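Residues annotated as N-methylphenylalanine in Swiss-Prot: 8. Under the heading transmembrane segment, Swiss-Prot lists 8-28. Summarising the annotation, Swiss-Prot assigns disulfide bond to 63-105 and lists similarity to another entry as the type of evidence.
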């Protein structure tokens, strides 16, 4: 009388492990890129928050206002987020009048200087995203950006 075999053979288990390993080899790098892109997107949110400050400073004809002085209530030129630090920079160019022209004001986001500490993706730590403000108030990625192109949010990618 034959005995019935129950369960999986060793070769079947090895095949399943190999398939899982192959899938993981593709999924883990894609997941790491996804995390880095989502963390880099915070920089654009920080820059959007600085738009009001830039607009207030432009009333005085400059991009940067006076440095932060909490005693006098003056709002500073930077904003710290979870994954990065955004700073207003640049020199206002009043001669630019077309909506799509850069007005000279910039926001420089440095990743890895936020409140998250070492919980930021290594793919963007220490990288910079420099956003040029256009006359119409929107931003595009500008010169000085060393963040990899695939991590730059679509909202600020320059049209090619």
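All residue numbers here begin at 1 and follow the chain in the order shown.
Including glycine, each Cβ sits where the backbone N, Cα and C put it.
Just so it is clear, the model here is predicted, and its values are computed rather than measured.
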Checklist line | Integer Cα-Cα distance in angstrom, the residue listed as 'N-methylphenylalanine' to residue 105 (disulfide bond) | finding: 66
Notebook entry, point to check: Among 63, 105, all listed as disulfide-bonded residues, which has the most CB atoms within 10 Å of its CB?
Noted result: 105
Checklist line | DSSP three-state assignment for residue 105 (disulfide bond) | finding: strand
